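Annotated features in Swiss-Prot:
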{"type": "REGION", "residues": "1-36", "note": "region 'Disordered'"}
{"type": "TOPO_DOM", "residues": "1-138", "note": "topological domain 'Cytoplasmic'"}
{"type": "TRANSMEM", "residues": "139-160", "note": "transmembrane segment"}
{"type": "TRANSMEM", "residues": "181-206", "note": "transmembrane segment"}
{"type": "TOPO_DOM", "residues": "207-218", "note": "topological domain 'Cytoplasmic'"}
{"type": "TRANSMEM", "residues": "219-244", "note": "transmembrane segment"}
{"type": "TRANSMEM", "residues": "253-276", "note": "transmembrane segment"}
{"type": "TOPO_DOM", "residues": "277-319", "note": "topological domain 'Cytoplasmic'"}
{"type": "TRANSMEM", "residues": "320-352", "note": "transmembrane segment"}
{"type": "TRANSMEM", "residues": "370-395", "note": "transmembrane segment"}
{"type": "TOPO_DOM", "residues": "396-443", "note": "topological domain 'Cytoplasmic'"}
{"type": "MOTIF", "residues": "403-409", "note": "motif 'FYXDWWN motif'"}
{"type": "TRANSMEM", "residues": "444-468", "note": "transmembrane segment"}
{"type": "TRANSMEM", "residues": "475-490", "note": "transmembrane segment"}
{"type": "TOPO_DOM", "residues": "491-496", "note": "topological domain 'Cytoplasmic'"}
{"type": "TRANSMEM", "residues": "497-528", "note": "transmembrane segment"}
Amino acid sequence: MVGEEKMSLRNRLSKSRENPEEDEDQRKPAKESLEAPSNGRIDIKQLIAKKIKLTAEAEELKPFFMKEVGSHFDDFVTNLIEKSASLDNGGCALTTFSILEGEKNNHRAKDLRAPPEQGKIFIARRSLLDELLEVDHIRTIYHMFIALLILFILSTLVVDYIDEGRLVLEFSLLSYAFGKFPTVVWTWWIMFLSTFSVPYFLFQRWATGYSKSSHPLINSLFHGFLFMVFQIGILGFGPTYVVLAYTLPPASRFIIIFEQIRFVMKAHSFVRENVPRVLNSAKEKSSTVPIPTVNQYLYFLFAPTLIYRDSYPRNPTVRWGYVAMQFAQVFGCFFYVYYIFERLCAPLFRNIKQEPFSARVLVLCVFNSILPGVLILFLTFFAFLHCWLNAFAEMLRFGDRMFYKDWWNSTSYSNYYRTWNVVVHDWLYYYAYKDFLWFFSKRFKSAAMLAVFAVSAVVHEYALAVCLSFFYPVLFVLFMFFGMAFNFIVNDSRKKPIWNVMMWTSLFLGNGVLLCFYSQEWYARQHCPLKNPTFLDYVRPRSWTCRYVF
């Protein structure tokens, strides 16, 4: 279609060049028609008609022109990034993961993914929203969200003033959600110090003694066993025990559990990326052992990536104003979510608890939860994947800011999963999907994809179960069954805009289902507590049988 439109535009231009005499003949009547008649007055109606005709012709040519210019611009940017990816960009030492020179077919710039044996390519680039927000039309959407926040604040203040007769500036929900914060701080420090010391110490001992050991296999199995004990026993059960034993509130639990998962993934990446280098060094009988420095490992623990490299592309300076703006937007999103719960969620579930559980109540709850659920989705994406990661990237001068792609343009769920969270997707792609294919066989791609879905679904459900203090596998069912089915059915071959509409519709509905089901279960467990709950009471849905007592 684009090729035909280009040819149509070129044909029109070529015809105008080939027949200048005809064009001149066509212009003459137009000139004559605009000339003043014998009475000295200009025919206004004729002038307006001519102007409308010229405008219509310009509008007709506009889409062809814009598509041709856009196509040339895309080709130019693609070639430019492909060339820059092959260079040592700003101190980005690609070492063994550098791009092979002399290849005839370079990798597409939109993916910027090297072959599996070389790993992810890091290059200096900005986040997509930073570029889009420079466009006035996109920035207006940002301003709309700010205006909506102002209206939420005004609505809350006015309602509280009418009900209480005074301005109520208490943020009881926020103070409750982030309660017992000192426990969060010392737990985080223990997790950080253990992740900083134990994996590095174990790897250093194994790497220095591997080539000298008379039983390298036993030595490797021993250190690998100790590393697994640390990952599962200390970093796995330790934080979980703290959040349960100290009965931390939900937001405080989320901080600890998310940091726990992040440290586990970081430690795995550090070992996974460096073990092959030591094995290759021993195989080549090199005199030096490639052990990263402590500073390199420490930088990686704070860098906004889950893929270890000895060095990354770095920006020359830190823009502290930009850092302050990103953190300010994060705190703004926290208050935004607070007002969404106060003005949209709390009234909804206060009314729901007055009726027994039924299909009608459930359907109304799901559809009434779509708007707050979608707003929370947008705010979570913007606060964490854009603002939080960009703030740390700027402080560390980390150059590669592609934490997400244009997931909102996805016409398939497979593309949505790849572009929504690039940071986590890269880890799953290289250490779960590719390692599964390497360990078993490249023929089992569907099984590898299923394994990745299972790992992701289990980790998500684990985080929700621990943070909310109950097991209610709604997310697991949506992710493992519907999400996986959509991934195969609505695949990358779907390119028409209608599939983007379908993707958004299902995404909206899914967020409404999640917010409705988990909120109902939360309220049910608050209003229908059990005196001596058993293990089954933690996994059996309380909202199905709870009858609220007032």
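A Cβ is built for glycine as well, from the same backbone N, Cα and C atoms used for every other residue.
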Listed stretch, out of 139-160, 219-244, 475-490, 497-528, that has the most CB pairs under 8 angstroms to the transmembrane segment (320-352): 139-160
Contact between the transmembrane segment (444-468) and the transmembrane segment (253-276) (at least 3 Cβ pairs under 8 Å, separation 6+): yes
In contact by Cβ distance (the transmembrane segment (370-395), the transmembrane segment (253-276); 3 or more pairs under 8 Å): no
Counts by DSSP class (helix H/G/I, strand E/B, coil) across the topological domain 'Cytoplasmic' (277-319): 16 helix, 1 strand, 26 coil
Counts by DSSP class (helix H/G/I, strand E/B, coil) across the motif 'FYXDWWN motif' (403-409): 3 helix, 0 strand, 4 coil
Remote residues contacting the topological domain 'Cytoplasmic' (207-218) - C-beta distance under 8 A, at least 6 residues beyond either end: 274, 278-279, 281-282, 285, 289-291
